[in-house]
Amino acid sequence: MMQRCLRLQKPLALRRGLHLAQVNSQAVTTEAPEAEPLDAFERQYLKERIEISPFQRLFLGAGSSIAALLNPRRHDMIACLGETTGEDALWTILDTMQASEEGQRIMADKPRIHTSTIDFKYLETLPPDTFGAAYVKFLKDNQVTPDSRMAVRFLEDPKLAYLMTRYRECHDLIHTVLDMPTNMLGEVAVKWVEALNTGLPMCYGGAVFGAVRLRPKQRRAYLKHYLPWALENGKRAKPLMPVYWEKRWEQNIHELRSELGITVLNKA
């Protein structure tokens, strides 16, 4: 842990053995150690990211948390909150990714989930009990699109930036495997599962403060059914970030849930 803290204190380019002026070209000085090559995602992210000071990070974290609390529909503030408060959790997630073969493949490939990268016409041809077919049905039933996620801008390390990007783009896949809709009750339940599974502070915040805005009837159902179910699944489920979802389209969704330790809530 001490090594990680020391590493975070160094500028990103220096951690990779690069001078700041040479990030885009990946030129390495003769004095610096051999740098780990930047992949396409990392190069693009370093061009577009917004550098902020520790004070600015603290200010943005506090301001975005207040704004998100006052208006949970401010997705820009929720995104900012996730980036300014989630660095420690993301390092832990990175360790989890590197501990599994599937997670290592994700970090090497850095797949993206967009309408331009996923063959949705193919997914529509899959049997209805497959994960891919369930994902398409979820998108249609809830009228959502994978293209709506905000880009990551404030994280220093591009690997952590990819993990935050991955978390955002996989959110609807988590909804799918949990069989939860995108209404407030479903979102709060999913946030609890994500919080316990990833440790991201913004997920805990969304779970706690989102529940405050539930209507009385929703709150009764939440306390009696949804919350116990979400807490149980959040604690029991295997780590979800290292799951290479795009390689699971043809898998039977019931078998996938069983593999991950996930049960579906009986909403009747």
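Note that Cβ sites are derived from N, Cα and C of the backbone, with glycine treated the same way.
Quantities reported herein were computed from a predicted structural model and do not represent experimental measurements.
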According to Swiss-Prot, which candidate in E156, E187 joins H171, D172, H175 at the Zn(2+) site: E187
Other C-beta atoms that fall within 10 angstroms of the C-beta of E187 (Zn(2+) binding site): 18
Cβ-based neighbourhood (8 Å from the centroid) of the Zn(2+) site, residues H171, D172, H175, E187 excluded: V144, L173, I174, M180, T182, G186, V190
Listed binding-site residues (H171, H175), ranked by Cβ neighbours within 10 Å, top entry: H175
Cβ-Cβ neighbours of D172 (Zn(2+) binding site) (radius 10 Å): 20
